[in-house]
Amino acid sequence: MRSNLLLSSFALATNAASFNPLHHLAGIAPTWKPHNPPLDTKPPAGCNATKAAYLVRHAAIYGNDFDYDTYIEPFVEKLAQSAQDWTAADSLSFLADWTPPNEEAHMEEITRVGTNEAITLGVEVQERYADLKPPAKVWASSADRTVRSADGFITGFTNNHREEIDLETVPEEENTGANSLTPYKACPAYSSSYGSDQSITQTYQKVYTRPIIERLRKLAPSFNFTRTDIVAMFELCGYETVIRGDSPFCSLDLFTPAEWLSFEYGNDLMYFHNTGYGRPLSPRLGYPWVRAVTDALADGSSAQDLYVSFTHREVPPVIATALGLYNNSDFSGANNPNLTMPSDRINYHRAWKSSEILPFLTHIAIEKMECGAEGYHDGDYYRVLVNSSPQPLTECRDGPGESCSAGEFLRFVDERGAQFGDFGVACGDLDAPGNLTLYE
Ligand SMILES: *[C@@H]1O[C@H](CO)[C@@H](O)[C@H](O)[C@H]1NC(C)=O
Ligand SMILES: *[C@@H]1O[C@H](CO)[C@@H](O)[C@H](O)[C@H]1NC(C)=O
Ligand SMILES: *[C@@H]1O[C@H](CO)[C@@H](O)[C@H](O)[C@H]1NC(C)=O
Ligand SMILES: *[C@@H]1O[C@H](CO)[C@@H](O)[C@H](O)[C@H]1NC(C)=O
Ligand SMILES: *[C@@H]1O[C@H](CO)[C@@H](O)[C@H](O)[C@H]1NC(C)=O
């Protein structure tokens with residue numbers, strides 16, 4: 001009897017300890033390394049990295065306009081006006097003396113935590129490619145948060161000798177077509193509201209917040225919790241953590257693991273239909289970067305060994321679709337993307353997890369390697385890394401460590417181009433520049 005009790009409390013403790021809400025916050029997740037699948041992140045035995053191209057989302061910010069206006073501000077204002085006595089409200093009692101982080105004054109700016117993480121990424125990338133020629137240039141789309149993230153990266157990479165690398169800012173405009181780091185902004189067919197509409201995100205939000213609302217209304221009857229309040233509290237866990245270092249909203253006493261997973265799935269649905277497989281436009285927006293860096297890496301006389309560019313959260317997921325990564329339909333023999341993401345319940349075994357694809361400072365890289373590996377032909381191989389973890393291409397794994405031989409990789413990129421290289425047509429703007437020429 002006694003040992004059973006001990007066992008079950010041990011199981012409870014390890015369960016709680018192994019669940020980290022910060023790994024389920026989608027676009028508000030502090031930078032992390034999911035390492036899924038857990039393949040070795042170093043080049044396989046017998047291989048050396050000879051070139052690489054990185055596309056990085058900016059580091060952590062205080063808040064974005066949409067999240068703040070839709071969820072956080074209404075919640076924080078309601079809280080300030082509420083007569084609810086929180087002191088006896090159990091898991092909500094921290095609200096008696098909680099003060100909101102000052103998001104409004106710093107909207108869209110990167111936080112100190114974010115700056116620090118951008119510097120660390122610079123250190124990590126320098127260490128990983130210490131044998132390569134350091135880059136002469138790093139690129140950033142022109143928003144303050146992307147430029148500052150690139151700046152932090154350069155500081156870390158050069159150990160504070162910033163003058164060693166030029167930071168080239170790339171305008172975020174509507175008339176540049178595919179020739180920028182923000183192709184979605186120059187694509188008339190793209191809308192930032194895809195996926196956040198009534199029929200998808202709100203439908204699922206209503207499903208998962210209903211029991212939470214009931215529970216919290218019992219604890220705090222005069223606050224009248226609503227759907228958007230609940231979403232605000234999940235989001236505050238992420239934003240407060242990247243502003244202050246931690247947040248009482250991340251407590252597992254407040255929301256259970258199942259509830260955190262619901263919040264994550266709600267976001268995954270939104271991104272799936274906004275910049276993922278739920279929208280045929282997505283790979284068309286991601287393809288120009290894949291084409292441009294493949295050309296740069298394949299070119300023996302390219303100007304740089306390392307190409308690093310900073311942009312916004314829309315871009316890593318569209319590049320993932322252009323490369324066929326995180327495709328829920330893989331190996332199913334069918335292609336009905338929407339069926340893989342129902343909006344009334346969670347598909348727990350989906351490949352499409354935005355917390356892994358687009359957390360703050362997420363980075364997607366194509367790495368070229370020279371290999372003399374046992375059991376393989378000597379030569380060049382390519383692989384894709386997301387947040388340092390290899391993501392084997394479904395269509396090409398003939399190399400060491402699930403990498404792809406150069407000939408097959410170039411063929412693969414050409415084939416993707418034949419399917420998805422129609423930026424102008426897909427965007428409804430036939431005059432738009434269809435290629436990214438930044439790295440030429
Ligand atoms: C609670 O909030 C809902 C949704 O905003 C509103 O319709 C309702 O009138 C509110 N109830 C009270 C008692 O304030
Ligand atoms: C996703 O996978 C399905 C099944 O293999 C495939 O038919 C479809 O083309 C893939 N989607 C993309 C954008 O690669
Ligand atoms: C998938 O869902 C999106 C968003 O509702 C819709 O626009 C699209 O037509 C759907 N695709 C298919 C093949 O039904
Ligand atoms: C990798 O680099 C090391 C050190 O520069 C060198 O000794 C080795 O021959 C290289 N291997 C390949 C396959 O290029
Ligand atoms: C883009 O480059 C490809 C060659 O890589 C070329 O065939 C195509 O015409 C170019 N498209 C545009 C719109 O310039």
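Yeah, the Cβs are placed from backbone N, Cα and C, and that goes for glycine too.
From a predicted model like this one, the values you see are computed outputs, not experimental measurements.
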Residue among C371, C396, C404, C427 that, according to TrEMBL, closes a disulfide with C47: C371
C404: disulphide-linked cysteine among C396, C427 [source: TrEMBL]: C396
Cα-nearest neighbour of C47 (disulfide bond) within the listed disulfide-bonded residues, C250, C396, C404: C404
Listed in sequence order, residues with CB under 8 A of C250 (disulfide bond) and six or more positions away: P21, L22, C237, T241
